Number of protein chains: 2
Amino acid sequence: MDLLFLGTSSGTPTRSRNVSGLALTEETGKRWYLVDCGEATQHQLLRTPLSLHDLSAIFITHVHGDHCYGLPGLLASAGMSGRREPLEIMAPQGIKQWVDATLTMSRTHLPFDLVFHATEQLGEWRNSNLRAQAIELSHRVPSYGYCFTEARPDPRLDVEKLDREGVPRGHLWGRLARGHDVEFEGRALRSDDFLIFNRKPRRIVVGGDNDTPELLNEVARSAQVLVHEATYTQEIAERGKADFGHSTACAVASFAESISVPNLVLTHFSARYQANPERSPSIADIHTEASGVYSGRLFLAEDFARYRLGRDGCLERYREPARG
Amino acid sequence: MDLLFLGTSSGTPTRSRNVSGLALTEETGKRWYLVDCGEATQHQLLRTPLSLHDLSAIFITHVHGDHCYGLPGLLASAGMSGRREPLEIMAPQGIKQWVDATLTMSRTHLPFDLVFHATEQLGEWRNSNLRAQAIELSHRVPSYGYCFTEARPDPRLDVEKLDREGVPRGHLWGRLARGHDVEFEGRALRSDDFLIFNRKPRRIVVGGDNDTPELLNEVARSAQVLVHEATYTQEIAERGKADFGHSTACAVASFAESISVPNLVLTHFSARYQANPERSPSIADIHTEASGVYSGRLFLAEDFARYRLGRDGCLERYREPARG
């Protein structure tokens, strides 16, 4: 499971950081998922190996423009590039109606179907490789985090159970092994009930904008990776220079430490934090603050930074950024 | 009067060309105007000297996404950067309602007023330095060109007339000279009625998407510069590979030649035309086609290319692109 950051700035783009967008790629390296779609996410994608044809689903955390204004353009470009596969979009109330209205206003006719799911009523979304659930967070508007869990970690067939239940060897076993539910003698057999998973599934939790990291407690405890905004340092927040509704580096890092999540990736930095560590405030201040309270593997995301979550639960940054 | 191209690709962005956006800058070098605002226009601006604080007005040619999807993000960023001055937007039917709906959906509260004018009923828009009028074109949706004319080319006071009408020397003369209308003894005096202009005003015509360049006949005849889409070459159009509603390089160049407009800038190229002239089709094919029928000064726009229209009516490209 790979993470590729397409935008890591809060509110407005800067010359080196776009607004929010994060690609989660399956281990196969092809099928991928997009979390948030700020303006110019499609432009960022042009500099990565990812194709809009292989995009499986989009997950929007909340309605603020820096998290969704890129949707109509990305959809239109997917259409112009010949996509025909339906595309699923999980999004909070308001997004579906706005996307529809935008496409209508601009007379844009997509050659593929959009299948919207309201984040508020998502329950669990899944396909053969991934399960996703939404967690309500605390922000100025309704905001959600998404918990992505590997659906079938190193599966093998439960042969004893299959024999016990009289399911004959052959194509039924094959289909069950590949994750398909089947029918046998009028009975519905769920693949998951006949698979044994050889390790703990990998799990990545991606927060939306949020001032209370503890709301992710339940899902993040069993995650290997937490990706969370750290818009400000404590100092800026205390000086009253911060918009409300966000987390500080210290708050997120303390929460991550308290639940012992082994990998923490901070993102969504206020544009005031500069790349040059000799200037103040700088991105280095955020790192200093977080590393003071968090003892796990800490990463500060950059645009086009790419990470791999191995089966051992360890997150590694690729040496080469994805940028082409 | 300067032109700075922010996007020169048709439909979708490429790695080297964004979708439509064109900045027209006053000779003072500060106040500027934006024609069309495709997605990521605000990102392009980050690489130029132009500030959203000095943006005087926006002119949208038509509702297609590659010409307007960047509006909400640009407005939101102008607000976040502290703009308080009202902003005028000329736009065809549908845009105002969509911008309002987008800002409402995303809970974006601009700290400045938007003043919309319907392009369909624009008549003439003007401020102290510039006049603009809209011309209806022919495209798949209602589309407009804009004709920008210097309002006061090298003005001097008509002293004889002022004396004749008994207007006393002093601050009233000063205000009239600077382009302000004044009141004198109950009479409204229009600045323009007391100014003599020492040369022909500069005029730049910028077309929207359009399959009939001749519709610009009347305004472009007296222009020094025509900026027009040349989405395709004749060959691609004849092979039926082109969307309808656009102009070929040949058609635009022939029109420009027929009315003897001295400077022609082509833009809005289909993404199929490649930068490398050894590949086919390439941008060079568009140049070849246009230069075959047009004998004036021909330019093919590139992102960040900057041009100056001198008082002599000659358009010159700056050696250095604006890109920073």
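Yeah, the Cβs are placed from backbone N, Cα and C, and that goes for glycine too.
Copied over from TrEMBL, here are the features:
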type	residues	note
ACT_SITE	B:ASP66	active site, proton acceptor
BINDING	B:HIS62, B:HIS64, B:HIS139, B:ASP209	Zn(2+) 1 binding site
BINDING	B:ASP66, B:HIS67, B:ASP209, B:HIS268	Zn(2+) 2 binding site
Binding-site residues in contact range of chain A, given that the Cβ distance is under 8 Å, out of B:HIS62, B:HIS64, B:HIS139, B:ASP209: B:HIS64
Cβ neighbour count (within 10 Å, all chains shown) around B:HIS268 (Zn(2+) 2 binding site): 28
B:HIS268 (Zn(2+) 2 binding site): secondary structure state under DSSP, collapsed to three categories: coil
Chain-internal residues, separated by at least six, CB under 8 A from B:HIS64 (Zn(2+) 1 binding site): B:VAL141, B:ASP209
Euclidean distance between Cα atoms of B:HIS139 (Zn(2+) 1 binding site) and B:HIS67 (Zn(2+) 2 binding site), Å: 13
Additional residues around Zn(2+) 2, ordered along the sequence, whose Cβ is within 8 Å of the centroid of B:ASP66, B:HIS67, B:ASP209, B:HIS268: B:SER10, B:GLY11, B:VAL19, B:SER20, B:ASP36, B:GLY38, B:THR61, B:HIS62, B:HIS64, B:GLY208, B:GLU229
Sparsest-packed among the binding-site residues, when each Cβ's other Cβ atoms within 10 Å are tallied, from B:HIS62, B:HIS67: B:HIS62
B:HIS268 (Zn(2+) 2 binding site) and B:HIS62 (Zn(2+) 1 binding site), distance between Cα atoms, whole Å: 14
C-alpha spacing of B:HIS139 (Zn(2+) 1 binding site) relative to B:ASP66 (active site, proton acceptor), in angstrom: 14
Inter-residue Cα distance where the pair is B:HIS268 (Zn(2+) 2 binding site) and B:HIS139 (Zn(2+) 1 binding site), in Å: 14
For the Zn(2+) 1 site built from B:HIS62, B:HIS64, B:HIS139, B:ASP209, further residues of that chain with CB within 8 A of the site's CB center: B:THR61, B:VAL63, B:HIS67, B:ARG140, B:VAL141, B:SER143, B:GLY208, B:ASN210, B:GLY245
CB contacts for B:HIS139 (Zn(2+) 1 binding site) [other CB atoms within 10 A, all chains]: 22
Mapped DSSP class for B:HIS62 (Zn(2+) 1 binding site), helix or strand or coil: coil
Reduced DSSP assignment, B:HIS67 (Zn(2+) 2 binding site): helix
